[in-house]
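S.K.: Straight from TrEMBL, here's the annotation block:
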{"type": "ACT_SITE", "residues": "1266", "note": "active site, proton acceptor"}
{"type": "BINDING", "residues": "46, 51, 54, 76", "note": "[2Fe-2S] cluster 1 binding site"}
{"type": "BINDING", "residues": "116, 119, 161, 163", "note": "[2Fe-2S] cluster 2 binding site"}
{"type": "BINDING", "residues": "349, 390, 426", "note": "FAD binding site"}
{"type": "BINDING", "residues": "770, 801, 914, 1089", "note": "Mo-molybdopterin binding site"}
{"type": "DOMAIN", "residues": "5-94", "note": "domain '2Fe-2S ferredoxin-type'"}
{"type": "DOMAIN", "residues": "219-400", "note": "domain 'FAD-binding PCMH-type'"}
């Protein structure tokens, strides 16, 4: 084999060769792809392997087997040097606009499965990999794939998407499956055409022929910083070479996703251990299965599944599929996972299940050679030395007749019946993985019938628990010893549980310790509970195995033809470009020559003086050019980071930092990677002497009168006479409390900007922002230049959700300031952790209320006091009260008194997050309704209905926003949903289910939403070019909401009124909406509030009216001259010849009748709660939403589903937590969990009401971007109903049925697994066993 000195690989069929001596071995694949190639589809979303935005397909050739192995990898974790001899395929490599799009791209577009589009290329690659591997073994029939619908659902299970709600993405992937009918999938553009884009499984060559000849070994490994030994002896030689050298052993490098500090360490040598036969072996014999330590988790799963006769191995494989996500498992190794657990106490699933299987490991030490240890012994040893190596793992044979677990058992009554039982468990926020477990466990037991055959004896057992806040997986030996020889009974289990609770104790500081301990009890009970005499044949506590349910959906949508193409569900503009990765975002713009890169330095103290800023060991890191603070702002400029709606905010803290997460400085370096690493090496010297204690709660803020003033017109207004309302009440609930935490935007594209200095002290800035005009003003103020010296351009944004209104301003301003000082281009792409710590998120709040009501549930008066945590500065906080009150007023409260205090605290300023204030207000209303229903013991649905508005009461509460009586469609929606969803029948079915299921309870809830929106002044410009093509400028930013698409439809309709030979539908292809430019179109305001699409469309329509007015006389003249029909092209040609101005600028200005209106929707959700673990499964959600006459029902459907799922995150999953200094600690994909494909409703049905009652709207349309988010409260309310049923059941297990059970409880938001379990009862198993024992004694 020839030796070589370079790295050779292919990207999308293109050959790359790099000199090994010139490569920094810590360079990741994503760094290379984004900086050294034209392929920008690979996006950086997290840098942790947690989101899937950076996925590529990696293909390897095996010269012996002569086959190609294709699998997805996270390019943010994959080291460039590790892909030698491999081929990389990105989404552009599947297809693109130049050579033709791949069927995946076309189907994603046609199923309306892309919104902001930032995650879509990664989704495309995940889908392609699933199809490719499904079709490898045998070619599928023409046009379809061997991929099953069930496999298609899992294809994108590790990819995160904040926009779509996942349903259309899954449908796009399912459309390739032979076992799916397109008619059963969601709304798409193909059904009407009768065919799908052609799929050819052999269309893409993933491994070019020229690479097959490049399989060579490296020249002398010691010459380079990257070595790839091919034998144990060579590895030993490298480890022993120059003993003072720091060496990093690498295989998949996925550990750097969790231990991010590893990326910052400097190593003298990287040693790739994947080519050593002993580390990649797979050996099967009668003794068991041996796996080399460098075998990937995916390969291990495949190997164990091949051992079909050993069910224990199949069980281990199934559990391993829930570790991380597929694109991480494809490169993560079993050895790496074990070493992380051994050295760094990583909360591993693998070590837990392998200890239970009695696995052993083989270790190579530098001094003592090789030794064999049990895995349990190995974990207890001191951390493995850096130059010692884990060679392999062996899972011993446990007998070929072992069964997978008690739920599959039916004991045979023979004297020789001895059975081995094996089961694994985990409880985590995401069922399919990509989330660390709260606790995992694995148990094995040898059991047999006792002599009298009326009981099951535990001959021996092994009980392992892990990930619960302990250093390593732990064997519960006291419980094992106690159970040995015992006949399983409720009494024995109670004693075992008592021992277990003393053994499984989370370390101090572990989150949710009580919950984790209760899970240990749950899993022990699930395993042994089925072995009690009475329960053995019944299947114990697992009354019904949860099926692998398929996701399904139904949409009822009416496409309008009245204003065609307005009203049609046409494919979103640029959808295929987004899928292929060709759509350009700010960070995709090529860096100008001499470009510098910045990273923010932020405070970690809530209130402190800044004495100095420097580096560790006073050494300036390589590549750092400077640190910019407020002192560097030019003369005439201001230290201003935001110029928004209210008071301006600082760009950088000055002498004193007033909150953790406040920006202190901007570090500038030669690359983004160097800037990010250097920023972490910065040391800030703080001093708190003489300063008051920081204010970190709303209660402290009120006590110290630390409040922001709310302008009078934005304060909540009372409705009716609260004194009278309360006096009319027959019942009252006084001083009840509700509280909310925060929520992070989790846009897939973090904050980013590029600033380029121009002549005459001018500055061009590309900003990912929802508010270019305000960014413009902020930069001009900071630099101290006239606004005409600044130009801000925004083409599209990779997700905003309100987070790129105010919070984008300091990012752009810092880049512009650095560019002005350095006189070189400066850009930044804020890393996910910094973004999460500095961006603020949704407003936390605390509410106290008193409510009066009649015996029938009709509320007569509501008095509210709300303390809202604004953080350090006003931002948009004074706008919040109106949003809270507006959404609350979906019900007729009789009289409403409303007092909001906007509290100033020493925390990062909160800002607008999708449906700001409204989502909290809507839920406050539901919590009050639920409380009243519980108090009166009346069904909550009945209480909701009796308090819905009449039109008269709606008018009283909402004034002119209520519109005309025909516009109030909520009562219609309420009744229509009941019919549409079979709500009343399902209520009875839920009751029947709950009566017959002990450990699973269901709940169902129907919830309305009312959402007030306002229209704003909006300019526009429409120009027709000489060839008849049309260019449109609007201030609205395309952030995924389909704004460009709706504007194009409106322009096509409006210009089609000329009625020449070209129809409005044909005009669509001639129209382009261009990027926002603050010097081209002024008074652009903000993209937000859900109405920018319709306002931009109306502005464009007004401009088109002007053009039509100019073109009609030309058309008349042409017709008279030619005597025949006039085409669009000839009409425009004639207009140009006559020097008619073919560009019209105008502005849409709403009046009192069009400026405000209400949106209505209703949702019903049904959930199933596992009361043993707290896991919630959303079985079904039905939504009916009034979009008026939708401008584009496909776009609006996506907005409805996406908003609902984001609301689901707020109500059920997402915890945005701070430490005692106010610093955000849930700052990564590891700790902050947004919804994934496995947490959305199993059945998701949406009907868009096509009501034509809204004549004052833009072509009778209504908003869809934010209002549906409020409907996610239906899930939370359904969970509360299920928990209530669990509490009722537990009440029956008590000797005193009324003792200690509160059925009027408030379920916190978010209702995470620990919260739900706690409210069901952490001791539910113990209570059940005590009751059961008591029952037996009384028989």
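Using the three backbone atoms N, Cα and C, a Cβ is placed for every residue, glycine included.
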S.K.: Which of the binding-site residues 76, 163, 349 has its Cα closest in space to the Cα of residue 770 (Mo-molybdopterin binding site)?
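M.R.: Looking at Cα distances from residue 770 (Mo-molybdopterin binding site), the smallest one goes to 163.
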S.K.: As a test of reading the model: what is the averaged pLDDT for the domain '2Fe-2S ferredoxin-type' (5-94)?
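M.R.: Averaged over the domain '2Fe-2S ferredoxin-type' (5-94), per-residue pLDDT gives 96.
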S.K.: Identify, in sequence order, the residues in the chain of residue 119 ([2Fe-2S] cluster 2 binding site) that are 6 or more apart from it along the sequence and have a CB within less than 8 Å of its CB; answer 'none' if there are none.
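M.R.: Non-local contacts for residue 119 ([2Fe-2S] cluster 2 binding site): 43, 45, 51, 52, 53, 159, 160, 161, 162, 163, 748.
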S.K.: Residue 116 ([2Fe-2S] cluster 2 binding site) to residue 390 (FAD binding site): how many Å between their Cα atoms?
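M.R.: With distance taken Cα to Cα, residue 390 (FAD binding site) is 44 Å from residue 116 ([2Fe-2S] cluster 2 binding site).
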S.K.: So among 46, 76, 390, all listed as binding-site residues, which is physically nearest to residue 1089 (Mo-molybdopterin binding site)? Use the C-alpha atoms.
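M.R.: Going through 46, 76, 390 one by one, the Cα closest to that of residue 1089 (Mo-molybdopterin binding site) is 46.
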S.K.: What is the interatomic distance between the Cα atoms of residue 76 ([2Fe-2S] cluster 1 binding site) and residue 914 (Mo-molybdopterin binding site), given in whole Å?
M.R.: 29
S.K.: From the Cα of residue 349 (FAD binding site) across to the Cα of residue 46 ([2Fe-2S] cluster 1 binding site), what is the distance in angstrom?
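M.R.: One finds 23 Å between the Cα atoms of these residues.
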S.K.: Round to the nearest Å and give the CA-to-CA distance linking residue 390 (FAD binding site) with residue 801 (Mo-molybdopterin binding site).
M.R.: 46
S.K.: In terms of Cα spacing, which of the recorded positions 54, 349, 1266 are within 10 angstroms of residue 914 (Mo-molybdopterin binding site)?
M.R.: 1266
S.K.: Sort the recorded positions 54, 349, 426, 1266 by C-alpha distance from residue 801 (Mo-molybdopterin binding site) and give me just the closest.
M.R.: 1266
S.K.: Would you please pick out, from the binding-site residues 51, 54, 116, 161, 390, the one with the fewest other Cβ atoms within 10 Å of its Cβ?
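M.R.: Each of the binding-site residues 51, 54, 116, 161, 390 was scored by Cβ atoms within 10 Å; lowest is 390.
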S.K.: Compare the Cα of residue 54 ([2Fe-2S] cluster 1 binding site) against each of the recorded positions 349, 426, 1266 and report the nearest.
M.R.: 349
S.K.: Between residue 349 (FAD binding site) and the residue listed as 'active site, proton acceptor', what C-alpha distance do you get in Å?
M.R.: 39
S.K.: The residue listed as 'active site, proton acceptor' to residue 426 (FAD binding site): how many Å between their Cα atoms?
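M.R.: Distance between the two Cα atoms comes out at 35 Å.
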S.K.: Residues other than 116, 119, 161, 163 within 8 Å, Cβ to Cβ centroid, of the [2Fe-2S] cluster 2 site?
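M.R.: Going along the sequence, the neighbours come out as 114, 115, 117, 118, 120, 162, 164, 748, 798, 799, 1040.
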S.K.: With an 8 Å cut-off on Cβ-Cβ distance and a minimum sequence separation of at least 6, pull the same-chain contacts of residue 426 (FAD binding site), or say none.
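M.R.: Sequence-distant Cβ neighbours: 319, 322, 349, 437, 439, 440, 441, 467.
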S.K.: Going by DSSP assignments with H, G and I as helix and E and B as strand, what are the residue counts for the domain '2Fe-2S ferredoxin-type' (5-94)?
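M.R.: Helix, strand and coil residues of the domain '2Fe-2S ferredoxin-type' (5-94) number 19 helix, 33 strand, 38 coil.
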